[in-house]
Amino acid sequence: MLSSILSGLSIGSVLLLVALGLTVIYGSMGIINMAHGELVMLGAYVTVFSERFLRLPFLLCLPLAFGVTAGLGLLIERVVVRRLYGRLLDTLLATWGIGIILQQVIRLSFGPELQNVSVPGFLTGEYRIGEVSLQAYRLAIFLVALALFAIALLILYRTDFGTQLRAVTQNPQISACNGINVNQIRSYTFALGSGLAGVAGVMVSGFNAVSPTMGTNYVVDSFIVVVVGGVSSLVGTVASSALLGSVNSVVAWMSNDVLAKVVLLGLAIAVIRFFPKGLFTIQSR
Amino acid sequence: MVSEMNLVKLKRFILSPYTLFIVAILIPPLFVVDPFWVNRLSLYLVFSVLALSMSLCWGYAGILSLGHGVFFGLGAYCMAMSLKLLSPDSLTQGTPFPLPDFIVWNTPPGEALKLPWLWVPFQNQWFGLVAALLVPALFAALVGWFVFYGSVSGVFISIITLSMVVILNLVIIDQQPLTNGFNGLNNLAMFNVGGFEFDPYGLPTYYLIAIACALTLLGTRWLTQTKAGLIFKAIQADEQRVKYFGYDIAAYKIFALSVSAMIAGLAGVLFVINSQYASPTIMDVTLSIAIVIWVAVGGRDSLIGAAVGAIAINAIQNVLSESESLINVWRLLLGILFLLVVMFLPKGLASLGSLLQRSPSVTTDTATPVEAVDSQPLKLLSQVEPRK
């Protein structure tokens, strides 16, 4: 039982990790970023690249991946997304196109084969708590997910940028009247969300094989988390990751992994239909 | 004596893109003799039927389905189940009823061999064919009823359909005893009409598919010219207004999605006749997105554009797939083309054709998409009258 809870927490923290960037973008800009999975994939490839050519320590890949994907996110917003505000379906398609382009660029430069990343020694061991063994890497993912969540909260609620971002989310016109550079805020938001995806990619590369097509799974997972959690708050994302993680581990424990995934997707569809604002949204007005 | 009016009409009929397209798909076998290429060409036509289905659903009714592979796959599986039961392998298992080989392999020794109940009615090929059309249509109606009568907005319909294709793909792979899992159904019998077998590499099969494709094109064109077609377009332009006129918007959308799913099911049937297999790869996310790309590049609200887009993209892809690096570069270029079309040419490459024909004022309209989108619906909405 305890191991089931731990596995749920572990799955939940991976979900939180990959979905956080998407929540920031979708929650505050209302944009469905289908390239999100590919940004995660890119973060993973930053690790591969640094291991092969730069020989940086694993942990240094985290800020490096953040920088690379955030920069790319900034570019994507400036060149593509900005031109499509108000055309939601086209934004979805355009970001999907970007995802395809990123996938092909990586496939052409790194090859289609699976890549493995070696993880530093202190992250490979196991800890024992009573009966249950806990992989150090799982613990690390949990901690990184929490840390990123804390950083995102800090940025949103304790910085000028965060205040302006929340203002733009509520009402872009009035924000502009009050002297907020709406376009700039949106660019930075997109960059922040993309950067978070990159960091998630680095962490994911430590326990899953890295391949050009790995992003597709993550984009679907992230959407489930965001949809179930509701768009308005980061806290909803955490709650929904925890819920979905435990549902996944319970169903997988009772039957199999495939059915667990099917149940998650079915749950997401039901939530979209019956609770369009998500399960963890505080009722306002 | 033929009046001038009739001559003009005749000329317009002959030169209309529809006639040209249908003639164009009937001609190639006169020049192509290599059975391999006959088979390939008819496969592209199968994909063009799929593109027509997507164009109807997305371009005309405004429902962007990212899970059209489900309808295609359901159609293909229904047809393949019948053809599997009719294959020589299944008929010679030593049981009084036909039995697919994988079911024999899966049955533990000592247990009685039996045909799963889901398979029983498929012993008749025509049941398989009818099911291949009705199952996708009913499934689409169910999905449509579920989403359109709820407050699900446009983008979320895409997300739901996307989740749907992931779910069905997983289920098919997981239900190995019933579906042969990842390997799918292969080693099928040929489609048989009154004793005549449609060899996938033969000309009759090409013409069977070409005629189905032509009829689908004419049928979808007819549908878009009816009042229902007008309402589809009007809903896209201004949903509220059509609703206040007393039309049941959800019902129209369900209808559009079901018809589109039925056409996708037909494409699935033709695919199985052409390729003689059905596997989970034909109902996955990759194919579903590929359909959207063909239609977006070709022109989402131009039936001909969508069909030609599907044929052209698949033909190029096939020629380039000889070499690993070429095909990857092509996919990259296709991604870039898709992105550019979505950003700057929302009506696809087909709209380039009409740009060249019309007056320059239209050109400036399309250069600023907002205006073009605004003025057309007004004209269109004025044709829709309140329901009595």
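Backbone N, Cα and C atoms are what each Cβ position is placed from, and that goes for glycine too.
TrEMBL annotations: computationally assigned, not manually curated.
Since we're looking at a predicted model, the values are computed, not measured.
Here's what TrEMBL has on this protein:
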TRANSMEM  B:12-31  transmembrane segment
TRANSMEM  B:43-63  transmembrane segment
TRANSMEM  B:70-87  transmembrane segment
TRANSMEM  B:126-148  transmembrane segment
TRANSMEM  B:155-173  transmembrane segment
TRANSMEM  B:206-224  transmembrane segment
TRANSMEM  B:245-271  transmembrane segment
TRANSMEM  B:326-345  transmembrane segment
Mind pulling out the one from B:43-63, B:70-87, B:206-224 with the most Cβ pairs under 8 angstroms to the transmembrane segment (B:12-31)?
B:206-224
Counting Cβ pairs under 8 Å that sit 6 or more residues apart, are there three or more between the transmembrane segment (B:126-148) and the transmembrane segment (B:206-224)?
no
Can we call the transmembrane segment (B:245-271) and the transmembrane segment (B:326-345) in contact, meaning three or more C-beta pairs below 8 angstroms at a sequence separation of 6+?
no
Counting CB pairs under 8 Å, which listed stretch among B:43-63, B:70-87, B:326-345 touches the transmembrane segment (B:206-224) the most?
B:43-63
